[in-house]
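Undergrad: Sharing the record's features from TrEMBL:
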BINDING   G957, D959, S961, E975  Ca(2+) 1 binding site
BINDING   T1081, D1125, D1133  Ca(2+) 2 binding site
COMPBIAS  1-19  compositional bias 'Low complexity'
COMPBIAS  47-66  compositional bias 'Low complexity'
DISULFID  C1008-C1201  disulfide bond
DISULFID  C1087-C1112  disulfide bond
DOMAIN    956-1205  domain 'Plant heme peroxidase family profile'
REGION    1-24  region 'Disordered'
REGION    39-72  region 'Disordered'
TRANSMEM  90-109  transmembrane segment
TRANSMEM  116-136  transmembrane segment
Amino acid sequence: MNPSLLSAPPSSNPRPLLSFQPFRFSPNYHPRRRRYRVSFPRNSLATDDQSPTSTSSPETTTTSPDIFGGPKDLTGIQPLVEKLTPPARLATSAVILAGAIAAGYGLGLRFGNNRNAALGGAAVLGAAGGAAVYAVNAAVPEVAAVSLHNYVAGCDGPEAIKREDIENIAQKYGVSKQDEAFNMELCDIYCRFVSSVLPSGGEDLRGDEVETIISFKNALGIDDPDAASMHMEIGRRIFRQRLETGDRDGDLEQRRAFQKLIYVSTLVFGDASTFLLPWKRVFKVTDSQVEIAIRDNAKQLYASKLSSVGRDVDEELLVSLREAQLKYKLSDELAKDLMMEHKRKLVEKNISVALNILKSRARTVGGVKQAVEELDKILAFNDLLISLSKHPDADHFARGVGPVSLVGGEYDSDRKMDDLKLLYRAYVTDSLSGGRMESHKFAALNQLRNILGLGNKEAEAIKLDVTSKVYQKRLSEAFQSGDLEMADSKAAFLQNLCEELHFDPQKASEIHEEIYRKKLQQCVADGELDDKDVSALLKVRVMLCIPQQIVDAAHSDICGSLFEKAVKEAIGAGVDGYDADIREAVRKAAHGLRLTREAAMSIASKAVRKIFVNYVKRSRSAENRTESAKELKKMIAFNTLVVTPLVADIKGESSDTPSEEPVKEEEKQFVDDEWESLQTLRKIKPDKDLIAKIGKPGQTEITLKDDLSERDRMDLYKTYLLFCMTGQVTRITFGAEIRTKKDDSEYLLLNQLGAILGLTTTETVEVHRSLAEQAFRKQAEVILADGQLTKARVEQLNDLQKNVGLPGPYAQKIIKSITTTKMAAAIETAIGQGRLNIKQIRELKESGVDIDNMITESLRENLFKKTVDEIFSSGTGDFDEEEVYDKIPADLKINAQKARGVVHDLARNRLSNSLIQAVALLRQRKYQGVVSSLNDLLACDKAVPAEPLSWEVPEEGCDASVLLDDDDSTGFTGEKSAGPNANSVRGFEVIDSIKTQLETICPGVVSCADILAVAARDSVAALGGKSWTVQLGRRDSTNASFSNANTDLPSPLMNLDELTSAFSNKGFTAKEMVALSGAHTTGQARCLLFRNRVYNETNIDSTFAKSIQSNCPSSDGGDNLSYLDASSPVIFDNAYYKNLVNKKGLLHSDQQLFNGGSTDSQVTTYSNNPITFYSDFADAMVKMGNLSPLTGTSGQIRTNCRKVN
């Protein structure tokens, strides 16, 4: 059967459930499983030209009396048999048989004249009599079946059939349900009835079908297996008709009919339906399809039941709904959903009515009341449901009883939100129509908000809007009536008003502020405030309890905006337009609006500083220093000619009166010390004649101190200072320049510029000195390029100091800084590259070099660690405790206790590594190396004595542990999911393929560890690299270390020291580390591992970085892959090292190998000589392959590389 048979939508054109044609009964019969050919009556909902005369109402299922067909006639001997009772039939049978035997015996004796002939005649006629007797008895079940049929057909309706009457018919003829003909008639009658009860595919179930069928089944007395077989036969008939249907609509109807058959049949037979109704086996129907058929029909019946439920819900109705739900076999979840939907639709009707009233163009005054009445109905209905949900017997009620919600309905959309807000606003407005908010109305508003699905912010906004208007109205009435003015406590009056309206006092204060602002705007409409205005404003403030800070803010805002307008007009007049009329307007605005001097200056400062900032922007964008200085000169002139009189007008002073800021005593002392030592500083302190020549000074109260950073202000000052020092530069043809010398008047403007920029005297001195220092340092660095200070150079530096006008102490400080920095850089570079050891450090200290201050503590600690590491790897076995523990830490000025811990850690790590390295070299037959490694072992043992080293080979190293998969069932976690390996190590399926083929040829011989070692060698050779000899005989580990994989594998983020230490811990030298890193000439890495390098690091080729950034965004694409060696990604060559030399290493750890460190020379060698790289790489791979291998009986030979045996 097509799996979609039970899931198609209903057709719009209903058809008869079945096309009914009578069938003949099959003569075959089996007591356990019966297949009947039955006659199907026409459905009661068939079309007019096909349907019988009976009808059905939507409430009760009725069937036509003629669904069972007309009466049947008896034929042959059936009329005779029908008249015989069982005893009479038995006696008649005996008479016929005895008479036949007697007649045969007499005839045989008569014609044969002997006994044998008589016996033969008796036998012949006895057989004929027996046949007659058999015919009579054989006709009994058929006669009983006809009698049964005529009885059923003759009843007024199926409900008139009684089981006692059927039992009497069976008793009359001495038959039972074991007689095939009689039982088949029972099944045929039952099948006809069921077919007539079930509605057609296009019609819905009415709900009483199950009870009707069960009642009829019980009246017939038919067994459940026989009845179930009839249900299955109806299903076969539907299926056949579906196959015969030629149009899509008919096919859909048959599917619906089949769904209803399954649902009704399941309810008729209850729990027994699982084995009595084999839908899945017969029709290939899945369990889910059966569940869907039951679910959909149960939903339809329950929804039909709910359709008659209105708002007058009570306990009895809810109990009946619950019983109906259980009867229909509908889940609680679906029943709840249907109930929620039904409640929602009821409420949506009220909402629609209310909206139509509110949106009607012909809406009357009472329209809002009518809309509110509809909303009250919703609230009453919601209250009823909530109370019922809290009823003690709520468990026996229909599911879904509770608050109403519009979720999932017509009004659950953004486009309907405005309608719901309109309803809520109408209810709020009505609640406040009496001028106060009653408590029950306030609670109802909260319920309505929940029902309408409005958010807290949305509902509060509506309530605030409506309540604000009512509050203002009440406040206006209180003003006009004088109630507020006569109140003993204005605050208590206003608080009581807020409580009556359930209005937030904070929002009320905002309204008070708004009222005050409006009053203030009215008062200042003419541009100033008189005493009458001030008195009116004071009255408003007192009555509304407005705090002073709110009043000040309002005056600052409103009056300030008027004053700001006057200031902007004054500023806009410019240098040439600032005349007496404008000055008078400024004075009137400043004093007529009754602004405080601080507020007026703040407003003016803001406007002026914007102009200053514009000058600064133009200065910064100028093409050269001269043009930049011109813009700054314009700003100085603007300050002198416009801003200075503006400030005087605001303060009510004469603009001729200079304003000087007091200089702090300590700052004055500093100026006195520095002023005469700097030539340029002396020039910005002009004499009286120059001041008279230039004119009056500018104001210093409005500055750019808060608008620009200290560095920006000092840079601007420095720009103008350089202009003062160099003069105006004019470029002419052929690259020549003409410099116009300036007099000292420019320095007076520089002094004014410093005041505009808000520079303190200390900052001004700092600029002058830093400029001198900069000039001195620039030339001193050239003189002291190698860091050596000779007598001739000292004389040069003294002359330079005098030329730039820098005080001696500052010059000496710069000289010392240059020499120290260059020497320290040289020493640090030498230490980093391994060219400086402890012996040379001692020699430098003896010569007076301050090594302790030149070298950072971390670098000294690294040097100590490197020195100790060299002792442990020298191959001599020597270890001088006094030298290592006392002298070297003292020379390097590091903590002795910390140094001892470093020595012990290195020794412990070296102990096992030296032993492992000795064994590895022994396997390679490098005996001199074995001796050196054992000497290193002895040196480490001297550092940490009394710690015996046992040869316990751990299951880690070259043991194929990385191939083991995680096993959730045992809790085993392998190394594949470790951080360095996850989403990085690939190609496991290649190893699996090799292992499978090897196990087929020679099972249990070749280990996975050997496969990995050989595969690594062959992969390199296949890509163009050098091959090497791989020693075999490794065995596989039975465990793996997730933690070791996370901690021991080198990270792509490591620095050179960390890389060297990580490889050293495994017994590899720095040279071997560099060689093994050459494996990065092939392969790829994830963006996550190199994103920081290509975006933030500086030791990278910019073009290369941009090309990588295209595939590695700064904030996404962490798993995007890029080649480690983009120049030859599938060739094993030395291009990796060439990339490092050109700063094109992809990983941070790669470029660390060539970054001014000790491995630079090795990288350079490999970049120039690929043969050397191939040879060293092969040797290092051999050593790695011999790293702690499992041999002998250790470990195992895995049959599957992914799991232990």
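Positions of Cβ are set from backbone N, Cα and C atoms, glycine also.
TrEMBL entries are annotated by machine, without manual review.
Mind mapping these onto the model and telling me what they sit next to?
TA: Around T1081 (Ca(2+) 2 binding site), the same-chain residues at least 6 positions away in sequence with a Cβ under 8 Å from its Cβ are L1124, D1125, S1128, I1131, F1132, D1133, N1134, A1135, Y1136.
Long-range Cβ neighbours of C1087 (disulfide bond) (same chain, at least 6 residues apart, Cβ-Cβ under 8 Å): N1111, C1112, P1113, G1117, G1118, D1119, N1120, L1121, S1122.
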Undergrad: Using the Cβ center of T1081, D1125, D1133 as the Ca(2+) 2 site position, which other residues in that chain lie within 8 Å, going by their Cβ?
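TA: Surrounding the site, in chain order, are G1078, H1080, T1082, S1127, S1128, P1129, I1131, F1132, N1134, A1135, Y1136.
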Undergrad: Can you give me the same-chain residues 6 or more apart in sequence from C1201 (disulfide bond) with a CB-CB distance under 8 Å?
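TA: Result: A960, L963, F988, I991, D992, K995, C1008, I1011, D1036.
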Undergrad: In sequence order, which same-chain residues at least six apart have a C-beta under 8 angstroms from E975 (Ca(2+) 1 binding site)?
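TA: Long-range Cβ contacts: S961, V962, L964, N981, A1040, S1041, F1042, N1044, A1045.
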Undergrad: By Cβ count within 10 Å, point out the most packed of the disulfide-bonded residues listed: C1008, C1112.
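TA: When each Cβ's neighbours within 10 Å are tallied, C1008 tops the list.
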Undergrad: Please indicate, using numbers and ranges, the residues of the same chain that are 6 or more beyond the transmembrane segment (116-136) and have a C-beta under 8 Å from a C-beta there.
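TA: Counting only partners 6 or more residues beyond its ends, the transmembrane segment (116-136) has Cβ contacts under 8 Å with 77, 80-81, 84, 89, 92-93, 96-109.
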Undergrad: I'm checking region-level scores; what's the whole-number mean pLDDT for the domain 'Plant heme peroxidase family profile' (956-1205)?
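TA: The predicted confidence over the domain 'Plant heme peroxidase family profile' (956-1205), as a mean pLDDT, is 89.
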Undergrad: Might you list, by sequence position, any residue in that chain lying six or more from D959 (Ca(2+) 1 binding site) with a Cβ less than 8 Å away from its Cβ?
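TA: Within the chain, D959 (Ca(2+) 1 binding site) has Cβ neighbours under 8 Å at A1009, R1034, R1035, D1036, S1037, S1188, P1189, L1190, G1195.
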Undergrad: If we count other C-beta atoms within 10 Å, could you say which of the binding-site residues D1125, D1133 has the fewest?
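TA: Fewest other Cβ atoms within 10 Å, among the binding-site residues D1125, D1133, is found for D1133.
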